[in-house]
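In what follows, a single structure is set out as structure tokens and then discussed.
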């Protein structure tokens, strides 16, 4: 008991208070009782009802905080002598909703069954039917990334996170393709894969920082915005400006960490090392300004970075012609030199920032702009020997270039697109193909070709390989599905390749185009040989592919646990070929003969079988392990011969010295 102003209060009665969510409403008795009303916290409300604290403030001042991004910086007073960009007073942040889509919005909400119209309310709600949802948290899944590595990454970890994300994305795309198309539903397996990786800790560089990001290199390419988020290069999944709040002289203030120049605004500049960047906001859609931009959030952060001389990471967004999508190239650090306000094409004020690339960095965007000029022929490629060494055999030209010495080209060979098999190398008996009309539909188990692939279509809708398998079975030319997408390796080269002279490894192969992980590059063309008959001549043949070699194992497929699948369903990634296959491209071959060995390759080989001239043969197809930037040499692991044994404790010791220069170089191959 406690005395208070002459009265006694029994405090034990106060301690028995229950949370509001445990109380049940008490309805008045009688037929004239008013109906029970349920209305949104911001209204509208029926007559006689009003909101209660904390929802009593105006709706305009309410917004959902973005838990994945830094909160809006506090308002700063306008200085007495502002620069041109400060000519407008910044409005209150609360009146402008966040442009960044929270990652939690990609998860499906837990809803009730059926439809309901609330009696006595002016608001009608349609409650969708309950459906199973995937939880991003899985107590049984271990990401394998500790807290320290999650905050600060390295090159190996960055590549691992990107590979795991894309493997999961390809699996989700495969599952979506197998479903019936629903009108108005846009399939975004990248968002689903990204939110899953975020929720389960498959990410790195979560500690936001300006400047260099550990493990991310200049020239790295990304095909999805979520990839940049997972490796800490650029956190927002939609906004073009990323920033963090730091302590200023008198108060906290935002500084920009990175920007994405998506090309939606007038950002083009003749000099590839200079970027005129348009601020964010004021746009109803991506093509047209609808109102004046405001000095807040990212725009304010860029202005503060200008005053602090703080470098900003720049990611260039480019159009990918082959898939009608965007590709992003990390172009390094830029310094903000000046800012101003000008009228845009739509007549509204926009903030402009001039950024200049820091000197001493390797080229990235500049190389891409040079490649676009090479494709037009003006100017011509420096060191060009032949514009098309295939003489039109390939649908896309393959250039021959030497910028190293005076060598005019490799030794003569016949260019071909098909493997030459003798009668003794028909590896399998022909089988009946499918009877699908026009194309094989993913998920159709009546298709003979899909059944041979284990019930799953081996490629996504845009021709990307989903998983490595012991063998992939493609539809043959004799199948009636003329427009089938299960003929990826039979369609020839689809990227602009270049054979070039290397500094210390002879001729090599690279691409003018960025190559997406899982993309088909080419098959290995040559003459099939009997290993027992060519054992002696193989030592003098630098253009031999041997499927019997021993290769370093590596993990490329998706993780069933990350996809909420049974781990026992994980398929083998080891190739299985019925008979030893050796292909010599010394006299007859294609561009594959110029791919050099690397102990850390960016390309892998996959056995593919399809019928040709009423006989089934195995072909060696090459696919990209990861995203490959333009002008990066394409390499694969040659492996070592099985009888080589061990040397210096290394079971993979080959006959030839390796010059790949990789940090994981084993010193030899072949």
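Residue 1 is the first one shown; counting continues down the chain.
Positions of Cβ are set from backbone N, Cα and C atoms, glycine also.
Among the features that Swiss-Prot reports, region 'Disordered' is placed at 53-140.
Swiss-Prot lists 68-79 with the feature compositional bias 'Low complexity'.
The compositional bias 'Basic residues' annotation in Swiss-Prot covers 123-133.
If you look up Swiss-Prot, you'll see 211-357 marked as domain 'YDG'. In the domain 'YDG' (211-357), the DSSP tally of helix, strand and coil residues is 18 helix, 63 strand, 66 coil.
As annotated by Swiss-Prot, domain 'Pre-SET' applies to 432-492, with the evidence given as sequence analysis. Secondary structure of the domain 'Pre-SET' (432-492) per DSSP, as helix, strand and coil residue counts: 8 helix, 4 strand, 49 coil.
Counting every protein chain shown, the Cβ of residue 434 (Zn(2+) 1 binding site) has 22 other Cβ atoms within 10 Å. The Zn(2+) 1 binding site annotation in Swiss-Prot covers 434, 436, 440, 447 and is backed by similarity to another entry.
Residues annotated as domain 'SET' in Swiss-Prot: 495-639.
The Cβ neighbour count for residue 665 (Zn(2+) 4 binding site), using a 10 Å radius and every protein chain shown, is 14. Under the DSSP three-state reduction, residue 665 (Zn(2+) 4 binding site) is assigned to coil, being neither helix nor strand. Residues annotated as Zn(2+) 4 binding site in Swiss-Prot: 599, 658, 660, 665.
Residues of the same chain lying 6 or more positions beyond the ends of the domain 'Post-SET' (654-670) and with a Cβ under 8 Å from any Cβ of it are 504-505, 539, 552, 596-600, 635, 637-641, 644. The annotation domain 'Post-SET' is assigned in Swiss-Prot to 654-670.
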Work out how many Å separate residue 436 (Zn(2+) 1 binding site) and residue 599 (Zn(2+) 4 binding site) at their Cα atoms, rounded off.
42
Given the model, what does the mean pLDDT over the domain 'Pre-SET' (432-492) come out as?
82
Fill in the CA-CA distance, residue 665 (Zn(2+) 4 binding site) to residue 447 (Zn(2+) 1 binding site), as an integer in Å.
44
Relative to the Cα of residue 660 (Zn(2+) 4 binding site), which of the binding-site residues 434, 440, 447 has the closest Cα?
440
Got a sec? Which of these binding-site residues, 440, 599, 658, has the most Cβ atoms within 10 Å?
440
Cβ within 8 Å of the Zn(2+) 4 site's Cβ centroid: which residues qualify beyond 599, 658, 660, 665?
597, 598, 600, 659, 661, 662, 664, 666, 667, 669
At the Cα level, what's the spacing in Å between residue 440 (Zn(2+) 1 binding site) and residue 599 (Zn(2+) 4 binding site), rounded?
37
